[in-house]
Amino acid sequence: MAGRSLGQAVATVSLSVALASVTVRSSACRAVPAPRNTFPTCGFHLNANIMSGSNGAKENSHNKARTSPYPGSKVERSQVPNEKVGWLVEWQDYNPVEYTAVSVLAGPQWADPQISESNFSPKFNEKDGHVERKSQNGLYEIENGRPRNPAGRTGLVGRGLLGRWGPNHAADPIITRWKRDESGNKITHPVSGKCILQFVAIKRKDCGEWAIPGGMVDPGEKISATLKREFGEEALNSLQKSSAEKREIEEKLHALFSQEHLVIYKGYVDDPRNTDNAWMETEAVNYHDETGETMDNLTLEAGDDAGKVKWVDISDQLKLYASHSQFIKLVAEKRDAHWSEDHAADSRGL
């Protein structure tokens, strides 16, 4: 999602390595037991890759964090070639653009002050009051009083749209069910022969891209509470419901979110909002409704930051926001669900 030198730390996101070490296969359409809080090694492999100091940059990594214009603005980042992403690569002429959005500088509750303010003394790499400033990827370096993005250069300094200096923690609930026919039978893909998994997707209002419903962890809030709250707000429009409706939604969500689940990913995210000094980290968790009965009793309704919400078939054709497609692929692999019509691609992983 302080001061020790990090290497290139390009977010190469070596999920193929993670998948090779943790993916559990089962026969097609057979329910896969989901032990609570599994998949820790997935986060380990990616975290180790980011923090390793490797000098090699892959063209398909750390891309969204270098895109221009910066979201919600006309600001163009300084261009960062693949071979110069990593901090270990010397680049004396590196001249990133400085940008922090007006909405952040206005000083809302969710945002830090400017580093230059005399009364602001953040405790980086540790819990700072109610604000979690520790990274899920390990220690990050501080340079000239500012945290340095562990994944490398982005062409932009400041915070952009992000409120916190350093890691900005989010939570992404991935709610899944099996696609079924009118008789209630699971539907298999005609090519792969595997059952088709569906997940709840929202269309973001800010950029129009489809995404996993999720959001920022409030100060002092537990991840489990964030996961449930964000799903209720964005996929069920709970903020606009009456007290009685909210209680009913809460009861049904409790049944779903208190069951066995899979922690799919924890750590840095290649996100278009990232800067050299502020970046997104997330914990993506899969809650699976095996029978479909729980979600059948909940009506999807877009709310808060979501413009639309719907069930989406999972496949490699999905085009999703930030790193969400990678998270969804991990879920498909773990559930032994359909992902690709290319059997070779299925066996290779990402």
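Every residue, even glycine, has its Cβ placed from backbone N, Cα and C.
Positions annotated as transit peptide by Swiss-Prot: 1-46. For 53-78, 117-153, the entry in Swiss-Prot reads region 'Disordered'. The domain 'Nudix hydrolase' feature in Swiss-Prot is assigned to 178-334. The motif 'Nudix box' annotation in Swiss-Prot covers 215-237.
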What is the pLDDT of the motif 'Nudix box' (215-237) when averaged and given as a whole number? 89
Within the motif 'Nudix box' (215-237), count helix residues (DSSP H, G, I), strand residues (E, B) and coil residues, in that order. 13 helix, 2 strand, 8 coil
Taking DSSP helix as H, G and I and strand as E and B, the region 'Disordered' (117-153) has 0 helix, 8 strand, 29 coil
